[in-house]
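For reference, the structure discussed in these notes is given below.
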Amino acid sequence: MDVSQMQRQLVDYTASLFREGFLDDQFTQLQQLQDESNPDFVIEVVSLFFEDSERLVNDLGRALNQPIVDFKKVDAHVHQLKGSSSSIGAERVKNSCIAFRNFCEEQNTEGCLRCLQQVKQEYFLVKNKLESLFRLEQQILAAGGSIPLVE
Amino acid sequence: MAITSSSAIDMVEYCGEDELHVLAVDDSLIDRKLMETLLKKSAIKVTTAENGQRALEYLGLGGCENHDPALTSSGVKVNLIITDYSMPGMTGYELLKKIKESSTVKEIPVVIVSSENIPTRINQCLEEGAQEFILKPLQQSDVKNLRCQMMKINKSCSGRLYLGR
């Protein structure tokens, strides 16, 4: 595949992620903040998000498996995850957190556990997608091409 | 046109203090990094703090409030404080209150950011003297707006934005 083909593939792939709701406008904001003085900004922030999310998901699992669930604590974790997913534009993860918080308010353990499953699913999906995106970008750069600018 | 001595001093002050400086407070590392990059992109210097206590310490309010101003003078200028609302320990609202209660730094405008759009919360902050309440995530347009506001305030009360520590 030549560089222009790869670039087209990247553009199409990125567009599909937006279309399918995995990413929202906030991700575009991140891309626009990246420049020569800050060339790895998006990957850095997204990596922080991956680390943060994995920790939070683990903490949530633990918290919900206590004999007596501390819903305030659970809600605090979900609030954090909602915040970070919102900050990087991971729309589906963010939305699954919104539903999650409702069950926290109702102190509904079953509901919370279901939401946790949903959040995990969305998280792994967007993680895979973003990793594919970054791989594509690296391939283009390695072939001497540049990343198409985001509109 | 003759330059009077007072306007010459103003010119020197203005040229020397051109760079805007923001103190950004948020417990989320991702959001701190985001705010830092957003602000730097608009040529604004940034200092970050991960909680209200650290922010107060930076502002010289961390310990005993009865310090002799003659003994301390960091010369650091803070044009604006941006703080997240929901933080463990001290909320952004509590931080705002402490800043407004202090004789030394109450003039520094404080902007509250929050992921939650709760009218009572917004009113509470504005009533306590917050400059503005902005919904997260912060955008480049928000920063441009804040930059304008900072420039205006800078011109009118520059001296009162310095930290004496």
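One-based numbering along the chain as shown.
Cβ atoms here come from the backbone N, Cα and C positions, even for glycine.
Per TrEMBL, the features are:
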- B:21-151: domain 'Response regulatory' (DOMAIN)
- B:ASP84: 4-aspartylphosphate (MOD_RES)
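Across the residues of the domain 'Response regulatory' (B:21-151), the predicted structure has a mean pLDDT of 91. Of all Cβ atoms in the shown protein chains, 24 besides its own fall within 10 Å of the Cβ of the residue listed as '4-aspartylphosphate'. Residues in the domain 'Response regulatory' (B:21-151) partition by DSSP class (helix H, G, I; strand E, B; coil) as 51 helix, 26 strand, 54 coil.
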